[in-house]
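Sequence annotations record features per position, and here TrEMBL assigns domain 'Methylamine/Aralkylamine dehydrogenase light chain C-terminal' to B:68-182. Residues annotated as disulfide bond in TrEMBL: B:CYS75-B:CYS143, B:CYS81-B:CYS113, B:CYS88-B:CYS174, B:CYS90-B:CYS141, B:CYS91-B:CYS135, B:CYS98-B:CYS129, B:CYS130-B:CYS164. Residues or ranges marked as substrate binding site by TrEMBL: B:ASP84, B:ASN159, B:ASP160, B:ILE161. Marked as tryptophylquinone by TrEMBL: B:TRP109. Here TrEMBL flags B:TRP109 as active site, tryptophylquinone 6'-substrate hemiaminal intermediate. As annotated by TrEMBL, active site, proton acceptor applies to B:ASP128.
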Amino acid sequence: MVGWSMKTTWRAAFSAMLMVSAAAHADTPVLQAEQSDVATLPPVAPHWFLPATAHDAYTIYDGDAGHILGTVPASGLGNIVLSPDRKVFYVADTIWSRGDHGTRQDLLQEYDARTLKLLREIELPPRALAVYKKQDFDVSPDGRWGYVFDMSPATAVTVVDLAHASVARTVDIPGCALVFPWKTGGFSSLCGDGSLTNVGYAGGAEVKVTHTKPFFDANNDPIFEQGLVDRATGRALFVSYSGKVYATTLGQDPVIGAPWSIQQAAGQPVAGTGVQDLAWRPGGAQPFAWNRASGHLFVLMHMGTYWTHKTAGTEVWELDPVAHALVRRIDLPEPARGIAVSPDAAPLLYSTAENGKIATIDVRTGTVRRTIEAQAGPVFLVPDM
Amino acid sequence: MSVSFLDRLGETATRKLAARSSRRGVLGRMSAAMALAPAFPLLPVSRADAASAPAPAATLSDFERRAQSKDATKCNYWRHCAIDGVLCGCCGGGVHTCPPGTEPSPVSWIGTCRNPADGRSYVIAYRDCCGRDICATSKDCHCNTADREMPIYRPQASNDIIWCFGTASTAYHCSTAAIVGQAS
């Protein structure tokens, strides 16, 4: 009897609560049914960065907010370039009709940078297939030509007419590899004899090919594949295994500056090429970055012996390549295999640790702003450079 | 000297896509490569015969100091001084043997490695085994070493390339380390 009475009391109290609650929300509109829509992106911003990530993609991040804005599909064998007018992402990639076999297709894919919709696909001759090589593909500064490195294993470059979405022609570059676009009218490639080959092309059937004299020692101190080009000026920075920087103005007849030592610029001993010469050295899978606003070079450095050119770096050295001077050394939170720097005057440095985490670092203070669980590989795309 | 999971992930993502292509076409282009670039020995045999391998270092590299000659399924096995990939010995094959169902690439990149057991240096052909997706072995069997490893403009000593040229399928499965000859 007592139990029944208690139940009744509780029920009455609960009903009263519901009535009060309903009265309180009586003037709140009922949530409406929703239509599914699709996000679009704002214009590409200086602090965006795109690491190569898991699931065959380059993932677009807002470096300030530290979150994902979108995804551009590209395999680890693929290459991505942002068009100079920032309106299009180009992806050069290779796929097979049956996943891991079947008909091979090499494609240059064009994605709208606002909608990420696939706009066009241009069929290519077989590309070079290598793990994470950014310098396998680039676009001319006027946005007119795409340059795709081929290796079968004969080496060549396919020139793509981006205005007409077609292959213009293929140029053999025997003994040479990779593409470094000029300010206008062609590209250069690094050669096994320590020289550059220079391919002038402005449309039509005619190409002009020149060679520089050997300027680096490909046997004993080769230049890294990951040379940097500022498309706006046609200037390039090539760095050797031991840390010598060759500032070059690319063109039909490149102007190559006398090499200077990163370590010497930083007041450190010059690195030798002996297998037991312990010194600060550049290394990693994407060891260099170039900030357009300051013109400063950023190098991923580690302490090691010769032949440690793939070893992860513990510091990033910011250098003034005009004054041949160290600006600052930045400690990394974890050893990194790849770095990138935003192009603006308030630069962010991005570094990928071996566990796939990316640190975003304020270059001016050296402080880590964020650590992002990005599932990232060691290569990045950033705007402009 | 094993690499991270994400490195392997990236490697898997890249290499699993490598697949079948025209053998005739590839061989034709390989011939072209050799005709166009005679100074560019692509076959490890020609490299060894030419005796143009780098001379062994007077002092040992870090890899050479730590190398062993007992267990070929470890990254620090002496022949693995410039390997990048999964060891076929961990995948049903051996140090010069491709696992069942795969095919060795006729061309490869090369290294010059010192055998601690006899103190001699040998030219090693790192022949990829092709035709299946990458072998799902343990992290310990995925190696990335770089003694005398060169950029892609010296392809015969460059280990980032998918070395499955001239095989029925260009899918990457694993890498072997066959002795070609003594380095002179």
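Backbone N, Cα and C define each Cβ position, glycine as well.
Here the features listed in TrEMBL are placed on the structure.
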residue	record	Cβ within 10 Å
B:CYS98	disulfide bond	24
B:TRP109	tryptophylquinone	28
B:ASP128	active site, proton acceptor	31
B:CYS130	disulfide bond	27
B:CYS135	disulfide bond	23
B:CYS141	disulfide bond	19
B:CYS143	disulfide bond	24
B:ASN159	substrate binding site	26
B:ILE161	substrate binding site	23
B:CYS164	disulfide bond	31
Field: Helix, strand or coil at B:CYS90 (disulfide bond) [DSSP, three-state]
entry: helix
Task: Identify, among the disulfide-bonded residues B:CYS81, B:CYS90, B:CYS113, B:CYS174, the residue whose Cβ has the fewest other Cβ atoms within 10 Å in this structure.
output: B:CYS90
Task: Give the residue counts of the domain 'Methylamine/Aralkylamine dehydrogenase light chain C-terminal' (B:68-182) per reduced DSSP state, in the order helix, strand, coil.
output: 12 helix, 39 strand, 64 coil
Query: Among the recorded positions (B:CYS88, B:CYS90, B:CYS91, B:TRP109, B:ASP160, B:ILE161), which are close to chain A, meaning C-beta separation under 8 angstroms?
result: B:ASP160, B:ILE161
- request: State the count of C-beta atoms found within 10 angstroms of the C-beta of B:CYS75 (disulfide bond), not counting that atom itself.
  value: 19
Statement: Rounded Cα distance, in Å, between B:ASN159 (substrate binding site) and B:CYS141 (disulfide bond) is 16
Message: Return only the integer: C-alpha distance in Å from B:CYS130 (disulfide bond) to B:ILE161 (substrate binding site).
response: 13
Query: What count of other C-beta atoms do you get within 10 angstroms of the C-beta of B:CYS91 (disulfide bond), across all chains shown?
result: 23
- prompt: If you measure from the Cα of the residue listed as 'active site, proton acceptor', which of the recorded positions B:CYS88, B:CYS135, B:ASP160 is the nearest?
  reply: B:CYS88
Query: By CA distance, which of the recorded positions (B:TRP109, B:CYS129, B:CYS143) lies nearest to B:ILE161 (substrate binding site)?
result: B:TRP109
Query: Expressed to the nearest Å, what is the distance separating B:ASP84 (substrate binding site) and B:CYS141 (disulfide bond) at their Cα atoms?
result: 10
Message: Among all protein chains shown, how many Cβ atoms are found within 10 Å of the Cβ of B:CYS88 (disulfide bond), not counting that one?
response: 29
Field: B:CYS141 (disulfide bond) and B:CYS174 (disulfide bond), Cα-Cα, nearest whole angstrom
entry: 10
Query: B:CYS135 (disulfide bond): which of the recorded positions B:CYS113, B:ASP160, B:CYS164 is the nearest Cα neighbour?
result: B:CYS164
